[in-house]
Structure formats: structure tokens, C-alpha cells
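Chemist: Sharing the feature lines straight out of Swiss-Prot:
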type    : residues                        : note
BINDING : 58, 59, 108, 141, 144, 270, 271 : carbamoyl phosphate binding site
BINDING : 86, 174, 226                    : L-aspartate binding site
């Protein structure tokens, strides 16, 4: 019998269409795993491959750990030695993986919404593979977003009315876009700060842009973003970038740390540039959730992967 309290999805590529009760159910499931709850027993093998076309330490390793904890069979994939370098398209690569027996593929790619070509059932008849988005260009990062929601919920127990500031290179951050969308949906109040050259008016629908020092005393969550230098090709502001000046204007130093609310927290998706977004000796401070976010990432990705297993009825799960 299908468990109505568990989420079932054919793919996990965005947070856009997630219902609030699905978000909360995924958080609850991830918390269950974190407490040592037993994973569902697979009655048949499930094969997954991690296709990372952009650099990754946390997300790649976290997904593989989650996959192994769930009992999935992980098949290695190295983009540097794949036929992509011979001109093979991502779609054709996925078609090959599917034909070889791969059930799920976790993909990180520089192209925004790369997944649309892989999940469009009307367009393709022979590709039938589950897709989990591990980050698409500057578009979405659903797994980071979900582990962020888990971390916030774990600390505060709710979302409604929480004040969250997203600070940094917002335009180029897929984490920011996923988080602002879901936080707003869950009832949090979103604010922005950082260089105006890396902020777009399209974000005004989620919150307002303010000076950092005015925001800090009011915020429950300070969500810091690194400057996405790799996405600044042709951006004249990149040549003017000065790490020391950035830290002085937009970074969390000891003075700003002390100005935060007693129960407020600092979050960062990583990698952290020490003494740019955050003073290096504050990375492991009491308010900083960086390590906890990484820890929670494994359990949330277990919940997300399990949701797709159920949605596709893989391994005997429904």
C-alpha cells in the first residue's frame, strides 16, 4: 500500500512546482534519516550515475553518499573522458545511459534548464530515465535549497514570519533563486543585500534590496553567497573586484556578527571564500550553520532520491 505521507516524483529538477506539504514531508523524511531511521528495502537493483559537468566537492560527494546509504548501485561517469568531448549531446549521452540500464542520473550542467530536453515526454519516446538536478547554470539548485530549508526548520521549527537576508552575487546564484522562491512560498520574509550590479529588479517580487548594516539586527537568517567569478565573463565589474573592499562592505566580520540577533544564524552554500563573504575565524562559530548544512545535505538528498524512486516505482518502492 502506498504511504500517503511520502513524496513521489518522476524527476526532481526544480522547487518551482513543489507544494508546501511536499516540502515539509521531505524535511520530515530527511530528519527521520538523520535520526537513524531505517531506509526502505529495495526489492530489485537501482542504478544511478552522477554526471557533473561543472566542478563540485560537496554536492557530488553528498549525492553519492546518499545513494549508497539508500542501497543504490552507483555507476561512475567522468565527463572529461566521455563522448561529450567528441560532440555527443547531453540528450544522446542520457539515451546511452538509459540503454545501458541506468535508472537515474544526477546532473550538474552549465546550461540553464538543461533538463527540459530530458524530461519532455511528448518530444522523446525512447528516453525513460529519472533526472535529479544538481545545479543548472545560474538557474536552480533544488537540493541545496531543500537542505537549506531543512537547516532553517531544524533551528527555528517553522518558516512563517522569519526574516531572511540573501547577500552577495544574487544574479548569478542558482542557490539564491531557488531559496528566495521557496522561502517566500513557505511564509518567510526575504531581503537582499550586496553589489547592485549583481542584483536584478526581477527579484523585487520576492523582497527588497537594503544596505547590509541596516538589515543585520533585524534578520533571523543571514544567507551569504560567494561571488561567482566563473560566470562573470565579459562583466566589467569583475575587473574592478577587490576582495578586501567586498569584505568591508558586504562581508560578515566580528562587528556585524555581534550585531546579529541572539538566535540568528549564518548560512552559506559553499565554497566559502574566507575573509570575503565571512571572516575566516567565524566559519566554525556558534551561529554559522555551514557544517550543519553539509551534514543535512546527505539526509535531504536521501529523501529527494527516495521520492524519485517512489515516483518511478524503482526498487519496488511505491
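Please read every residue number as a count from 1 along the shown chain.
Positions of Cβ are set from backbone N, Cα and C atoms, glycine also.
If you look at the structure here, what lies around each of the features I listed?
Modeler: Sequence-distant neighbours of residue 58 (carbamoyl phosphate binding site) (same chain, six or more apart, CB under 8 Å from its CB) are 270, 271, 294, 297, listed in sequence order.
Counting Cβ atoms from all protein chains shown, residue 226 (L-aspartate binding site) has 19 others lying within 10 Å of its own Cβ.
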Chemist: Can you give me the same-chain residues 6 or more apart in sequence from residue 59 (carbamoyl phosphate binding site) with a CB-CB distance under 8 Å?
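Modeler: Expected: 52, 108, 134, 135, 143, 144, 297.
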Chemist: By Cβ count within 10 Å, point out the most packed of the binding-site residues listed: 270, 271.
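Modeler: Comparing the binding-site residues 270, 271, the most crowded Cβ belongs to 270.
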